[in-house]
Each structure stands twice: as C-alpha cells, then as structure tokens.
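K.L.:
Before we start, here is the structure in question, set down as structure tokens.
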Amino acid sequence: MVFNGDYRIAFVTCFVVALSVYVALYGLEFDNGIFRIPRLTIDSPENRTAGKVSEKSPFDEDYMAMYMSIAEDIDRSYSLHYDFYRESCPSAERIIAKGIRETYNSRPSIAPSLIRLLFHDCFIEGCDASVLLDADDTFTSEKEAPPNQSLKGFDVIDAIKSELENVCPGVVSCADILVLAAREAVLLAGGPFYPLETGRKDSALAFKEMAERELPPPQASLSVILARFASRGFNERETISLFGAHSIGITHCTFFEDRLYNFSGTGKPDPELNTGFLQELKSKCPFSASASSPSPSPGTGLPESDSSKSYGMSSASGDDRVIDLSYNNEGGEENFGTRYYRRLMQKKGLMFSDQQLTASEETETWVQAYASDPQLFRRDFAMSMMKLSSYHVLTGPLGQVRTTCSKVLPSN
Ligand code: HEM
Ligand SMILES: [Ca+2]
C-alpha cells in the first residue's frame, strides 16, 4: 500500500532509472554538436533476413509516436474512465442502479446507509472497498472499528456483486459498485446527480487502526474536522458541503446524549443547544446510563486517541434509541441538505461535530449560504461527492477485483 496513489511517480522513477542504466552501459554519442543516446539495434524479421542491423534511432519520429502511444496506454490503464465497463460488462451500471432502486422501494433507509458506507470507505485509504472486508487470518476487519460498528448496507452491496458475478465474472470491482450505489442513493434521497468515472480496484487489506484513529468522532471540534478533511485534500467549502448528507438517515441517541445531560462532565446540557430543541431531544432520548459517563471533552483532541469511548458501542450493545435526521423529510425531498444547514443556523445541530460547523466565521458563512441557496448546495455537494468517490483510488495493476466483496482473492 506504500505506493497507493504514487504509482505515476513510481513509473517515472523506474523509467529514469532504466534510462540511466542504459546510458551508463552504452554511454552518450556526440553527433552534430549534440549528445544523443546511442542507437538501439532493432532485430526485426526483415533485418534478420537481410542480415542487416537497423539504423533506426529509437528517438526518430515513428518510434517517438510508438513510445507516446505506449505511455498513453499505461496512463489509461492506471486511471479512472467514464464507462470503464463499456466493453467488459456493459450492463454493470444498469444492474447496480436497478438493484439500489428496488431495495430502496421496500427499505428507504438503504440510501443514507450507503452514503455513509461510501464516506467511511473513501476516508480510510481511499475508495478501495477496504471497509467491506471481513476479518481473516492476516488482518482484522475495519467493520470492527468503533466508528464502523453502526454501518449498514453491506448485504445490498454483496447481493449486487453476486448478480454481477453471474453476468460478468471477476470484472466489476466492489469499490466501483460502492461509489455507483452511493450515487444512486443520493439521487433517490432527493440529492443531485453527478457523473462518475470507473475502473477502481479493490484493496487486499483492511485498515482497522486507521479507521479508529482517522474517522472523526461525533465529539470532534471544528479544527479536528477541518484538519482530517484537509489532509485528504478537501477545503473548508468542500468539507462543509459533504455534511449535508446529515440531512437524511438516523443517529443513535448515544452519539449526542452527553449534550443533553452531561456535557463535558458538567452535569448540564450543552449551552449551545437551542432550548426548545433540547426538550424535544430529551423526550426522544430519555436519560440512560451511557449519558452519565463523561464524554471526551470536545476540542481537546481526546477522541482521536479514544474513539471507542467517543463512539460508544450503541449499536453493538443493542441500544436502538434513534433520531430521524430528516425529521420526517422536513421540507420535502428537495430540501435534501438544506434542512440540515437551516437547523444548524437555529442551533439545532444534533452531534457536537455538526454544530461545530458554525463555530468559525468562515465556516458559518458556508452554512448560511447552503441554508439559503439550495442550488448552490446541490452543485457543491455533487462536486464534493465526485471528489470523495475518486479519492486515493487503486487502478490498473494495483489492487484486485474481488469475487466476493467481503473477502480478498486467494493468493496463489
Ligand atoms: C465529522 C464528520 C462526521 C461525523 C463525526 C459523523 C458521524 C456520524 C454518526 C455518529 C452517525 C450516526 C450513525 C448511527 O447512529 O448509526 C452518522 C450518520 C450518518 N452520516 Fe455521518 N459523520 C460525519 C461525516 C459524514 C459525511 C462526510 C457523510 C457523507 C458524505 C456522512 C454521512 C452520514 C449519513 C448519510 C448518516 C446516516 C446513516 C444511516 O442512517 O444509516 N457523515 N454520522
Ligand atoms: Ca478504504
């Protein structure tokens, strides 16, 4: 995984090293006032019959064209493309979209689950389906990391993968299935469409410790949130726009109940919470033992080193008290995103990390902008989701195409 994403640099380095070795072996020729690399002998069939040695320089025009075309092929196989499966599996994108639409009809909660799954995959070592792997003899699964214990939607990805394996075995990567499934989920939830390139490969590893360390906890301060996103190339605007996904789905009470009963060990609610909203939340999330245990103090960075405490074990321990993030689709589907920012402006952010988006003037400006301009939000969200979906991908010979999304290919 060391070269993950740095393959171009690796390729160029290999080329330069090979060229240096060649020059060291054969030296440089002095020709007409300039230094040239000595001519290669091309042992073509005609040369062999004629018993001649080719006089063609590898840097003559047609050879240059050949090298350029090889370089383009290499670049092609190392990058994402529109309709990557056009020839190898033409029905892939249709099968994925249909699978998600059908599931959504009977289980609309699949849409937020898949969007969150995508975020948790791409944020940790890129969009490589590492989050989908079950533990095996060589690694522990990312699914076991506390931030991932409440993830859902694995079954739907697995079902679509097995359908694709029947149609075009070993062709469509789990990483591509996940990004395309999440795009369909965004659309179904009332969000914008965005184009996606394909050709991602799946990882052969999972990164549990990194997931534990790097996924921001619900108690994360603004500076922690911005730093984690910035280290992955997301600026403030892009980061704030991605949070619009918190306008759908659910949150377990355990992720914010410290704000209702015992904020930072004070025994009191978070003073930042809108008081009417506080009462509403208290009735939906009645006091429980987990709320009385002090949460990590916000902003201290403590959650970074102890995400099991900050993430709790709610879903694992079967605590199913939840809040509907869409508030029964408040404002209708066209308010995907916007209703979240409007609530933040009213101090009705659910998690501490949500409300932190209004903690600085610059970030609050974006919250305000998205609250009042749905079209601006939709455009920005689409761009940020495209960027997230292509973050740090494996392509070409890097990575593999799993046949089952929860298992790496057997090494032989
Ligand atoms: C500081 C950053 C973030 C934190 C701390 C955070 C935390 C959380 C937590 C604790 C939940 C509740 C899970 C549960 O109770 O089962 C949640 C739900 C969700 N998150 Fe985030 N999140 C963050 C950023 C994001 C981003 C960037 C996206 C997408 C682009 C996202 C998408 C979602 C969605 C869609 C849900 C609802 C899941 C469902 O209903 O199944 N989150 N998030
Ligand atoms: Ca990953």
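Positions of Cβ are set from backbone N, Cα and C atoms, glycine also.
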K.L.:
Consult TrEMBL and report which candidate among CYS127, CYS168, CYS174 shares a disulfide bond with CYS405.
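P.N.:
Among CYS127, CYS168, CYS174, the cysteine that TrEMBL links to CYS405 by a disulfide bond is CYS174.
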K.L.:
Would you mind checking which of CYS168, CYS253 shares a disulfide with CYS285 in TrEMBL?
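P.N.:
According to the record, the bonded cysteine is CYS253.
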K.L.:
Please work out, from what TrEMBL records, which of CYS14, CYS168 forms the disulfide with CYS89.
P.N.:
CYS168
K.L.:
What is the one among the disulfide-bonded residues CYS122, CYS168, CYS253, CYS405 whose Cβ has the most other Cβ atoms less than or equal to 10 Å away?
P.N.:
CYS122
K.L.:
Find, among the disulfide-bonded residues listed as CYS127, CYS285, the one whose Cβ has the highest number of other Cβ atoms within 10 Å in the structure shown.
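P.N.:
Selected residue: CYS127.
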K.L.:
Taking ligand 1 as the reference, state which of the recorded positions ARG116, HIS120, CYS174, PRO216, CYS285, ASP324 have a Cβ closer than 6 Å to one of its atoms.
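P.N.:
Cβ < 6 Å from ligand 1, in sequence order: ARG116, PRO216.
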K.L.:
Measure from the Cβ of PRO216 (substrate binding site) and count the other Cβ atoms within 10 Å, all protein chains considered.
P.N.:
22
K.L.:
For ASP324 (Ca(2+) 2 binding site), what is the secondary structure by DSSP, using just helix, strand and coil?
P.N.:
strand
